[in-house]
Amino acid sequence: MGNLCGKQDAEPTSPGRVLGSAPPRASQPKRAPVPASVGGPPRTLGSQGAATSSGDARQRAAEAAEARAKAASSKGGKLQSQLDAQKRQSRNNVLKQASAEQQRARDADDAARARAWD
C-alpha cells in the first residue's frame, strides 16, 4: 500500500530550491546610459535665461490671457447655447418648465393607455 496522492518518482522533475535557500538571481534589466553632464550655462531658480526681461514676460502673459479669452468665447454649439439660455432663466421658471414637460408626458401616456384599452 502506498500513498494515494504520492508519485512513484523519488526526485521531483520540476525545478525548485531547498527551503531556506536564497532565490535565484534574476538578470538585471538594461538601463539607458546616463549623460555625463547637462549642457548649457547654470541658471538661477525662477529665471528663464539671461535674455528674458520682465517686460517680455508681461507681454507673453497678456498674449496668453487674450488667447484664453478668445478660446473661451468661441466654444460652444447647440448644447452650450441651450445651457446658457437655461442659466439665464430663474429657478422658478426652470421648475415650471420641467413640471409642464412632465405633465405633457403623463398626458401622452394616459392617452396611449386609453387607445390601447379600446
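Including glycine, each Cβ sits where the backbone N, Cα and C put it.
The compositional bias 'Polar residues' feature in TrEMBL is assigned to 45-56. The compositional bias 'Basic and acidic residues' annotation in TrEMBL covers 57-69, 103-118. TrEMBL lists 1-118 with the feature region 'Disordered'.
Residues in the compositional bias 'Basic and acidic residues' (57-69) partition by DSSP class (helix H, G, I; strand E, B; coil) as 13 helix, 0 strand, 0 coil. Counted with DSSP, the compositional bias 'Basic and acidic residues' (103-118) comes out as 15 helix, 0 strand, 1 coil.
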